[in-house]
């Protein structure tokens with residue numbers, strides 16, 4: 001009955017909340033408490049001790065426990081029989097097991113969780129590292145780009161020089177070729193002139209030789225002999241003087 | 001009314017409610033459902049890890065078709081372990097000491113494996129009845145023997161579990177009674193207490209019992 005009342009009142013509480021007014025999501029989920037509830041002697045929650053502390057002090061709960069135990073034993077509500085020993089043995093085994101393996105099992109569970117967190121953390125760290133590296137690389141590339149115009153200038157200069165050199169070479173070549181052609185013409189003209197000169201000289205000689213008649217030949221020879229005689233006389237005369 | 005040692009195995013009922021139902025439903029309460037969190041508390045982490053490891057081991061020899069049995073076998077294992085371990089506590093009732101419960105587990109599951117085997121690959125299933133390399137004259141006899149062994153399997157599974165648990169509980173009761181009775185005479189008690197303790201640790205081989213149960217069930221899977 002009471003439970004039904006609770007359920008209905010719970011439903012009423014839900015119904016009185018207006019619809020779709022706020023984003024009713026359960027996220028972010030509140031974090032779990034780090035450690036379990038504090039217990040004393042493995043079973044009794046610490047809240048019991050805190051509850052009884054104001055009235056009965058530190059020994060309160062222990063007195064309560066002892067009193068209950070003695071009451072149950074004396075009134076034979078709990079009878080000591082063979083099961084007590086069975087309970088004692090199993091209790092001893094359980095407590096031994098918990099004391100011996102408890103911390104290691106807890107550490108194991110913690111390690112499992114730690115490993116999970118560490119893996120995710122590693123992924124995150126690696127992502128961040130790769131992104132930082134990307135930023136570094138990008139900065140380096142930008143710096144490289146700044147210096148790239150110098151590279152281009154140098155290259156441009158190179159190319160210009162090459163072009164210039166090429167141009168000059170070809171210019172020279174052209175000049176040389178033209179000069180060769182002109183020299184050829186000059187030589188040709190020289191040759192022509194020389195040949196004409198020679199030809200003319202030959203012709204003149206030939207014509208002079210032809211034009212020497214025998215008469216003239218005799219006269220010239222006679223003249224030569226007369227001249228020679230005069231010369232001989234002169235030299236003779238000079239020689240005696 | 002004679003109080004005998006077998007009273008602990010009577011199915012308890014209180015005000016007409018068969019408490020065995022409560023006893024069977026109890027293990028469900030003890031294992032919390034993992035919440036939708038990424039990192040959980042230690043209990044759930046360990047629970048999840050254990051179930052994971054166990055199912056992994058169980059499914060190793062099986063091919064993919066056998067993996068359909070993973071949920072059933074894993075939950076069966078957890079259930080039986082919990083029930084048996086809880087039965088070690090004093091004044092508790094262990095449902096698995098009832099033959100009816102164990103046969104209720106054994107027969108349907110065994111029958112399922114046989115029927116599925118027969119349906120999917122009848123030749124191979126029938127072929128298992130004859131081990132390889134038997135001399136020819138022995139074949140008829142061997143087939144009969146193998147069939148009998150196949151049919152005995154559910155009986156063996158159920159009775160094995162029942163007998164082991166019942167015997168264990170009975171022994172605990174007996175030795176505890178012996179300790180109790182011999183308490184006025186001191187020295188013997190100490191030795192007997194030690195015997196009880198040792199027996200109890202052996203009885204936490206109820207866990208191994210479950211391993212045996214599930215493993216045998218698994219071995220009969222030629223799926």
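Cβ atoms here come from the backbone N, Cα and C positions, even for glycine.
Curation does not apply to TrEMBL; its annotations are automatic.
Note that the structure is a prediction, hence the values are computed from the model and not measured.
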Between B:12-31, B:32-51, which stretch does TrEMBL give the note transmembrane segment? B:12-31
Candidate ranges B:69-89, B:101-118, B:138-156, B:189-222 - greatest C-beta contact count to the transmembrane segment (B:163-183) (under 8 angstroms): B:189-222
Report, as numbers and ranges, every residue of the chain located at least six residues beyond the transmembrane segment (B:69-89) whose Cβ falls under 8 Å of a Cβ in that stretch; write 'none' if there are none. 23-24, 26-27, 30-31, 51, 54-55, 58-59, 62, 95-97, 105, 109, 161, 165, 169, 172, 200, 203-204, 206-207, 209-211, 213-214, 217-218, 221, 223
Who are the chain neighbours of the transmembrane segment (B:101-118) in space, where the CB to CB distance is under 8 Å and they lie at least 6 residues beyond its ends? 24, 72, 76, 95, 124-126, 150, 153-155, 157-159, 161-162, 217, 220-223
